[in-house]
Amino acid sequence: MKLVSSMIALAILALSNHIFAETAPGTGKTKGDPAKGQQIATQVCAGCHNPDGNSVIPTNPSLAGQHAEYITKQLENFKSQEGKPPERASPIMGAMVAPLSAEDMKNLGAYYAQQVPKPVGAKDKPLAEQGEKIYRGGNLETGVPACAGCHSPNGVGIPPSYPRIAGQHGEYVLAQLRAFRTEERTKDPNNVMHMIASRMSEREMRTVSEFIAGLR
Ligand code: HEC
Ligand code: HEC
């Protein structure tokens, strides 16, 4: 019995490695097609994210200039796999990704990555200045690392895994930091942003979100 189940586990592992190899982001032959991505973006996504991915609605993230691999990964995370709850919970985006294929997700990533981001700008400068301290230096007392370490000093991120956050809507950033703290955005207790957000105060989240909105 034990042998059988470990053989099944091995088979599943081999299979998932195979699938992963086929669909691994960033590997030359599996690059997305931005023209095909644009078709879906224009027909389905533009109403909320704008045709060029520079959202004008503060609760909807801007996607322009974001790393292709990160976008594809988030689209996968919104989709529930084999009846399990999705890694990233969003009723809206859950419905949006349901009809998308793996290929579509890659094409959409390729399209948005090519668009030119337009930073939204900070509305409250004093609040943003307080947030800059967290962004550049973190909080030593509570063990919050500097955001700049992974999202880079100017917020462009480091592809493929560390997203661009510069100029993103402050309202959206704040909502995401809260969602990382709870199980809304991740089911993984070792998710790095879950660990970071859990150590942040509400005040710190507010200030750093305002700073990020103005970052360019
Ligand atoms: C009805 C509005 C709406 C439509 C239409 C929509 N989105 Fe979204 N999208 C949202 C909202 C709201 C969020 C934030 C979800 C959350 O709270 O995590 C989001 C989040 C995302 C994210 C995550 C971005 C990040 O920075 O992590 C991606 C990627 C995305 N959408 C892509 C798409 C694509 C591709 C389509 C079209 C197939 C689409 N969206 C259609 C509203 C929409
Ligand atoms: C150790 C690296 C690391 C550090 C330090 C870090 N981040 Fe992140 N951040 C990530 C990764 C990886 C993701 C993608 C996580 C995911 O989707 O599961 C992310 C995602 C995010 C997102 C979501 C972006 C989007 O488009 O939805 C926000 C907002 C964010 N981080 C803000 C911050 C802030 C604010 C700080 C500093 C207090 C910070 N991060 C520090 C690695 C880091």
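Glycine is no exception: its Cβ is also placed from the backbone N, Cα and C atoms.
Annotation source TrEMBL lists heme c 1 binding site at Cys45, Cys48, His49, Met93. Look at Cys45 (heme c 1 binding site): DSSP puts it in a helix.
Annotated heme c 2 binding site per TrEMBL: Cys147, Cys150, His151, Met193, in sequence order. Under DSSP, Met193 (heme c 2 binding site) is assigned to a helix (H, G or I) in the three-state scheme. Close to Met193 (heme c 2 binding site) in the fold, though at least 6 residues off in sequence, lie Leu177, Phe180, Arg185, Thr186, each with a CB less than 8 Å from its CB.
The domain 'Cytochrome c' annotation in TrEMBL covers 32-116 (among others).
For the domain 'Cytochrome c' (126-216), residue counts in helix, strand and coil come to 48 helix, 4 strand, 39 coil, using DSSP. Feature annotation from TrEMBL assigns domain 'Cytochrome c' to 126-216 (among others).
For 1-21, the entry in TrEMBL reads signal peptide.
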Residue from Cys45, Cys48, Met93 whose C-alpha is spatially nearest that of Cys150 (heme c 2 binding site), among the binding-site residues: Met93
Binding-site residues near ligand 2 among Cys45, His49, Met93 (Cβ under 6 Å): none
Recorded heme c 1 binding residues, Cys45, Cys48, His49, Met93 - maximal Cα separation rounded to whole Å: 12
Which same-chain residues, if any, lie at least 6 apart from Cys48 (heme c 1 binding site) yet have Cβ under 8 Å of it: Ser55, Ile57, Asn60, Ile92
Within the domain 'Cytochrome c' (32-116), residues counted as helix, strand or coil by DSSP: 46 helix, 0 strand, 39 coil
